[in-house]
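Let me begin by presenting the structure, written as structure tokens, before commenting on it.
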């Protein structure tokens, strides 16, 4: 076996170098028996140069002695060496000298000439090689002739070595290890090979492929039998035949040696060599793979040339070696051929080399005597050999006279212990051996090696696989192979018994305390650290019989030989193999290299020895986290560590360098095995994972433990990550350990030291016991108490009193340190921590005194009233805890009625509970409780009125005292009042009673008035009654008569004749009601979808509305038709006593009960109840389990008049069945009046139920059902849809086509095609198809020169403007050249127009072929159309505009050009348009007091109000053009003198559109002015005009004025929120987010919603903000949201829940700290906050950051603010003390001088304002003391 086992990972192996038998390989093997010619001189020739070339190829490094390199003289002569030196290099001289020494030593030892090596032949020329070749041929010819002297024959027997192996070599192997991926096989001469899982058999590969195909597929249901493990297919000690498939050699790191790897295959197709069936003879060994497993045996594939030949192993022959049930398909085994079938197609086999019958007799394994061909002699087969030669190296022989075989010295079984091989194996004698290898040669023959060793003759199986009757010899051989000496052990006395000069030493090992010896071999490379070229047996240090100290490095089971090393370096090494390492052991090594990962240094590799390297993970580099590990751990740096774990299969070692783990001197064992660990043991571990519930702690090996968060510290830990870190070493104590499950729980808490006294006290105390103790510690959550007996206990704050849970602060204030608390009840004993849980609840203390406190399930009795506390609240009920951890369930149905509507039933943890026990299940340890007192209650009687109380004016003269009114007593009562559901009566003065309506009538016929059953009774009427119990006024039920109250009770009575006359005592309860039974019931109240009825005073049920009556018309008005008290005959539909639910049916028929999808049919008319209404459907319920939505198309006959508001929830409606889809469980209903009322009603939109009703070309209407990616689906009927392609949506091109339709929109279109078979209809919504008055779009052929068109400027260039013409399809665009813009020349059109301007243009020319359109914009083109434009704009008739400049053409104007960003040069426009005359304005128009409203500033045809809709009109009414329609207005040529009114703007502000326009000319970037302009329009109710101004402001304000633009956007959003729709708000908001800061816009929108009272919409905006990754990293976002939730929504719980979400988004510690403090401040500021919670948050922050001065100051400011808002004296005093305490804590900290001045100054100011003179003096004294201390210490 090899010294170092290969790592079982196939993908990490080096590249394979395939070895073949080539002439070069042959030449590399020297003839060791020949001597070179010493006189041969180096000759330079072509042959020598060719012979030298192979030396340049890479040579595999071997542990064998290296051949001498070739001389450079064979490559090139050195000419004229200087100084007369030799032509040989120093290296060549050293090699020659060493060779000469070896020759001399060899001749002295053997007396024969030295044998020349291959290297010498190459060094000294070609002649020596030729002589050696001739001598080799001569030996081959004379083979076997000289049989008298084996030493003189020149016998060459070469042992198997790595270099001999080539592809196709067949070997006998012995399994030594099995991993998950391959099998390790030992070969002859200490070689080792590996069989990968894919080289086992063809059958196994097929199974693997099947598994890979099925891997990852869900629902395959693979059995476990399909899982494959090599350990189930092979076993250690198994003999196999293997063939070499590849050999590799990998260079090791810096050692110069190489690791060799041999890959094998055991597939029968390869190892059997494709033999013919005739070549397989009896007693030969053959390998097979299991094909199938039968009942009587197994069938195996043999891989022979004839595939039909198979083997069979009977069940008997399997013996104990294999269990038939465990044999798997594809499994490989080597078997002995014991027989052949009659036809030769079946071979009888038996596993192993010995037949089953011969094992017990101890017979030798059978051998093959003869065979038809020599090919049948394969490794593993035993043969008889004729010895043909022998010698010191071994023997040679022939099998059947044809096959040459050899056995080396190791496998001869003689020669090592003094036996003479020549005498033991004489030439000509026959011996029995076993073939162990067969190597292919170049000529196609084979070299075959055999072994004569005893154990190889029998191939013994492991001892566990041998039958009990096996011979002693066989058992001994099997035991020897298994129980060898441990590897790496040192043998002190290793005796040399044989020396092989060139190979090594054969030694005999003696073991202390044992007489047994063993053979060993030390290779020449393993004898000394210095190079040894040859060994001698007679002289020297390593002569025969010399003893040495040796170390076992390997064991070969094939050779039965140990491999040892005598090298001092090996002897001194602490570890040779990974197996030598001990988990937890100390090791020393050097840093090999650092491992770099994505996060930096992830580990360090430490070299422990030449062959072992260990990994140190990052968390184990040091006890503290290293920021730069590379600075400490450099290559070659010595380190000391401890082994963490060893993975033998993966060949991996993990180490730790933590000093706390390396240097621990604890005598306790290393925690590496769960079996040796006990509770209470203490040790150190490393945290490898941290969770919210605890942490995982790693120890040594595979030992891990769980550290719960409750066991991390004595104090409460909320987040373990704040207190622990990954890689931290912690001291822990074992709490519990389960070795079988390999689980362990540990604790960091200090163990409680218990002496004998405390132990006795602990043992004597029990749950429910009353104790007393002294308070030693208190915190906001609990109080710690020291009991009189020395034990410690804890009282949670909720257990300080019965009301402590509602006001914990008040309860804690009453408890002081060192206060003695008496009457404490022990709730629970915590055995692990030796701690007691106590309670001070008065109810539980009282129960403990009387012995009624529940301490076990056995002590619980049904009907008993008990006191406990809330342990947990779930939606199903309340878990109530008592003493000793006993828990009872209080179901939701058994809670008080007033508790059901509250959150968590109005309960909190630890709140006191008083309840009655309803059921006890001792076997299952369950207790059921009820807060509704039982009739059988055995609870203690309350203080009651004396039963001797005399009755005054009794209705029954026979009753004289209260004692006469007993349970079951029949008496008389006087009616005092009649209600709908009960009769109030008086038994005597101050003694009242009630008769429930359900206790009045016996049968249905007794009720004369079903709607008002109690009307037959009259006031003051005397009635006979029977006493049932006492009425509970709180829970509206009656109690047993024994339940007395402090006052005179109200009696529950019955007036039924059956109870009075027949003494009927039966009471109706939920448990006695059965399904299907009939009862009388009376309406009690109304629910959302049901009516509640009383069946008895204590039993209430529900009747669904649809089950209330057969007449659906009566259901429309429940209060009228079924008033409270109304009598009903009901049938029990279902009863659930556990949940206290009773469902009843009041209908007389059962037809509706049977209504199912199968019973429904098209055309049926049914009655249903409306259960849901939304904008797209009305859901109608027919029965409890049957209902369907009615779509929009089936709600009415005229889609224009559909009103969803006409339906209300719980309305009773008639519906018609359109269709039933039973397989898909779908029902289609209709509410159309034409189908339900009369078919003669007008129908505008007919019902569509079939595609046959649709005809192409027909106009239809429907509702948009779905907007898909490729079009729109329109619903035309309940089951009929039509598809609208994108191209059929509009005649115009729409870029975002999804914006023109929305779901549920009513549309009208024309059917294009209908396919009834495919159930597909195609619809078009184009106006050209659907609208009869549609005006088709204009095409280029329709345009003619001279036409006037409107359009929008698409693009503006210097030379002209491109205008999109309206109502054109496809969109047509024309060019207006600058020569056609104005009458005068325009240099740059961009100064006049901008993109988006709406204009009116005249078509100048049209080129249809080139598709070019020329347009004109001159005002003169539109003079004739002024009248038309005036009709479009009524406002222009009232105001002709404001004159700017006001001068004639010859008048010099001093006005400057108005040029601003986004505007137009007015003067330039005026000049361009030849504005000689401005329209006149009368004096009446200039009235200052009553200015007429105007639309804005209009100059040269441009509307400056931003109204694009009126731009055309503005162009038409240009003042610069002559007005042909009104020539009378042009009366004079000179301009009229105008009155300057601009001064009024300063006095009155802007009061008209013209005022705003005038101001905007000078201040275009003033957002405030624009917003005032918008507000002015809103005052005039011009909402659209205000929107237009906002748009114009956004375009006009300079792009750099972001703040000004933002103000306008905010104003615009305000406008839309107030006056716009949701779509308009969303549109403006999206635009604002695109150009402004999106976060700011979101926050502003939320503020607008808040101001307008739309809190739901503001909440949605905030949720959208915090859901955006880009926004939620801001603190302000979370704080604003929290403020909104607390102040506006009044939901502080939601605000508090935000903090956890915020801390996940904000990761920086400083920002998290600031955010938490702001949330804490919110608790102080808000009236809905909890100041105590805020203090807790600040305390947590300041405990983590005690030097955070800003946090302290904030805390103080908040407390002082609370003081200023306190109203009562107690509140002020409390707040004052809290502020003073904070100042005390701050002043006690270590501060700098400047900080100290600030702190004391603030404190002094506080005391001066709120404190007394004494407190002021105290602060000054503290300040002075602090300054003196600072000066004395010399600190700043």
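Note that Cβ sites are derived from N, Cα and C of the backbone, with glycine treated the same way.
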(request) With TrEMBL as the source, identify the stretch among 1516-1536, 1537-1557, 1558-1578 annotated region 'Disordered'. (result) 1516-1536
(message) Can you see whether the domain 'S1 motif' (863-932) and the domain 'S1 motif' (283-352) are touching - at least 3 CB pairs under 8 angstroms, only pairs 6 or more apart in sequence?
(response) no
(request) Looking only at the domain 'S1 motif' (1346-1418), report the model's average pLDDT. (result) 90
(message) Looking only at the recorded stretches 488-567, 584-658, 968-1044, 1071-1147, 1257-1326, which one has the largest tally of CB-CB distances under 8 Å to the domain 'S1 motif' (680-749)?
(response) 584-658
(request) Write out how many residues of the domain 'S1 motif' (283-352) are helix, how many strand and how many coil, based on DSSP. (result) 7 helix, 34 strand, 29 coil
(message) Is it possible to list how many residues within the domain 'S1 motif' (584-658) are helical, extended or coil according to DSSP?
(response) 7 helix, 40 strand, 28 coil
